[in-house]
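According to TrEMBL:
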DOMAIN    A:65-390  domain 'Tryptophan synthase beta chain-like PALP'
MOD_RES   A:LYS100  N6-(pyridoxal phosphate)lysine
Amino acid sequence: MPSQFFIPDPEGQTPNSEGYFGAFGGKFIPEALVAAVDEVAVEYDKAKHDPEFAKELDDLLVNYTGRPSALTEVPRFAEHAGGARVFLKREDLNHTGSHKINNVLGQALLTKRMGKTRVIAETGAGQHGVATATACALFGLECTIYMGEIDTQRQALNVARMRMLGAEVIAVKSGSRTLKDAINEAFRDWVANVDHTHYLFGTVAGPHPFPAMVRDFHRVIGVEARRQLLERAGRLPDAAVACVGGGSNAIGLFHAFIPDPDVRLIGCEPAGHGIETGEHAATLSAGEPGILHGSRSYVLQDDEGQITEPYSISAGLDYPGIGPEHSYLKDSGRGEYRAVTDDAAMQALRLLSRTEGIIPAIESAHALAGALEVGRELGRDGLIVVNLSGRGDKDMDTAARYFGLYDTDAEVAADADTDTAEIEGDAK
Amino acid sequence: MSGNIQLLSDTLATAKSEGRSALIAYLPAGFPTVDGGIEAIKAALDGGADVVEVGLPHSDPVLDGPVIQTADDIALRGGVKIADVMRTVREAHEATGKPVLVMTYWNPIDRYGVERFTAELAEAGGAGCILPDLPVQESALWREHAEKHGLATVFVVAPSSKDERLARITAAGSGFVYAASLMGVTGTRATVSSQAQDLVERTRATGTDLPVCVGLGVSNAAQATEVAGFADGVIVGSAFVKAMLDAPDDAAGVEAVRALAGDLAKGVRGQA
C-alpha cells in the first residue's frame, strides 16, 4: 500500500540532478562536507524508494505526530477578510506544536539508516529545535541545538523544552546572534564531527538535497489540505497562503497545488518595521540572488556580497535567505510574495485569538495578516487556505510585552486597548 | 595585464629546489585597519613567508574558527571594501615581489562580478584565489575567468575527499592544492593531525604535478617542521591573526607577525 503521509514529489520534477530549480539551488559547500552531503542524497534516494521507510514514517506521522492535521474553517476571523471563506491547515496541532516535526521524523529515520549517533540542528523560534530534540529523545540520539543568543532570550520557553528533552542548547554569540548565525555555527560543528553526526537541517534551504528532501517531508501538508478542501468546500482554493522565513511550511502547503493553475500561491515575508526602514527580513521582496548556506537563492546583501542583518519580531522568520525553490517560484511567476510588517502580524495574531480561540505563532500570524489582505482583494466568493504552521505558546512573552498583558505594565495595557478599538474599526 | 600565476608556481618550485617546504601566510585585509593590515602582511613576507594569502573578510565565514571570525568582524566594522583588498594585494606584491593570493568565500565575488573581480585582481598583481566554499563542480565560470586573467585556482581537499574526487579536483586546479590537515574550521591546534600526511599522499597519488600544501591547525615552528617533512608548503593563518590580536598595540602586532614568520621560516627549513 502506498504511503498516506510520506508523499515525495513525483519523479522527474524539480530539482535537476545537480540540485537546481532553474537558476537557484546547487551545492556550495566546503570540500570537507561533500562526502557527507552526497551520502545524505544517496540515503534519501534509497529511503524514498523503500516501502519499509514509508511504512515506518507513516506509523510515526499517524500515531506520534497525530496526522492528518485538521482543517478548520474560521468564519468569525473571515469576517475581517472581506467575507472570503478562510480555512486553516492546523499544523499547530501536530505533536511539538508546529509543522517542523514532519521533516524531523523523516530525517531522524534517515540518521538511523546512515548509522550516525549524533544530531545537530539550528533553530530560530525554537520550533525546529524542539522537534529535533523530541525526535532525538524518541530515537536515543545525542542532540545539540544551535540557537542565536537573541533568540534564546525571546524564545526562552522553547530553550527550556529542548533542555527538558535532553538536548544541549548552545547560544550563538557571533554576527547578528539570530538564525543565520546559528546555521553558521552548526556548519562549523558539522565539518568537525561529520563522521558520526547528521546535520538535521530545518528548512528548504541549504545545499542539495536538503531543499528537495525537506520539501518532500512537508509535502503532506498541501496534499492533505487539497483533499480536505475538495471534501469540505467542494473546490480548490483561490489562494494558498503561508509565511516564509526559510520557506519550509510554505513549500509544504504550496507544492501539491503547483499543478493547479488557478490556485494562487502566496508567501508572506516579514517586513519587520517596514521594508523602507531597512529593518526587515523580506528576502524575496528586497534581496538579490547570491549564495548563503550552501545554495544560490535570493539573499539580503550589500553591493559587495556581505550578508546584511535581518530583522523581524518573529525569530522563526528572522533570516536573510530563502529556500531556492521559492526563488524559482518567484522568478517563474508561479509564486507571489508579499511583505507583512510586525504590527500587521501582531494584530492578526490577536484577531485570530479573539475571534476563533486559536493563538497562532507569530510566524504563522504573518500568513494570517496576508490572508486578511488577500481575502479583501478576493471578496465574498473567495476561498483561502492558510497554513497555520505553529502555535503561539512560545510567543506569549513577546505578545504580552507587545500588547501590555502583564499586570505590572498598566500603562502599556491602556495603549493596547486603544489598539483593539483600532483593529475592530479597521476590519468592519 | 595578466595575473601572477607563474610567479606563484616559480616560487613554490624554488622552495622545492632548495629542498624545503614553502611558507604560506594568511592574514585578512582591513585588519586591524586597511593600512595596518598592509603593514602586517608585508611584515609576514619580509619575515620569511614565501607566499601570502590575503583574506577578503565575509560576514558569514562558515569555515573559520573564532580567531579569524574576530579579525573579519574588526575588518568589516572598519568598513573594508573589495577596493581595499585590491590595494592590499597590490602594495604587498609591489613591496616584496612575492606572490599574493586572495582567500574568500564565493558570494562576495559572485556579487561583485567574476569578470570584474578577476580583471582587477590580475591588474593588482594578484596570483590567484582560494575559494573554500566553491566546490569543483560549481567552479566552471570562475575557472574560465581566472584562466583568462592568469590567476591560479587553488582548491581545498579534505581528509573526507574520496580518491576519485581528488582526481577531479587536482585536474581542475592550478597553482597548488590546499590540503586541509583535519576535519574542522580554521584555528590553532596543539598537534598536527595524523590525517594530514595520508591526505597529501593520496593527493599526490592522483598523478598531479601541483605542489600540495597543508593548512589548518599549524601554528608554530615545530609543527611547521613536522608538516614540511611531507608537504610542499605549510600554510599558517590563525597563528598570525592571534599574534596581532594578542599584541598590546598595532606596531607590536606587526613585529609579532614578523617574528612568527621568521620562526616558521626556520621551521620549514628544519632549523627550528
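Glycine is no exception: its Cβ is also placed from the backbone N, Cα and C atoms.
No curator has checked TrEMBL annotations; they are predicted automatically.
A 10 Å cutoff on Cβ-Cβ distances gives A:LYS100 (N6-(pyridoxal phosphate)lysine) a total of 33 other Cβ atoms nearby, all chains included. According to DSSP, the residue listed as 'N6-(pyridoxal phosphate)lysine' is assigned to a helical segment. Computed over the domain 'Tryptophan synthase beta chain-like PALP' (A:65-390), the whole-number mean pLDDT of the model equals 97.
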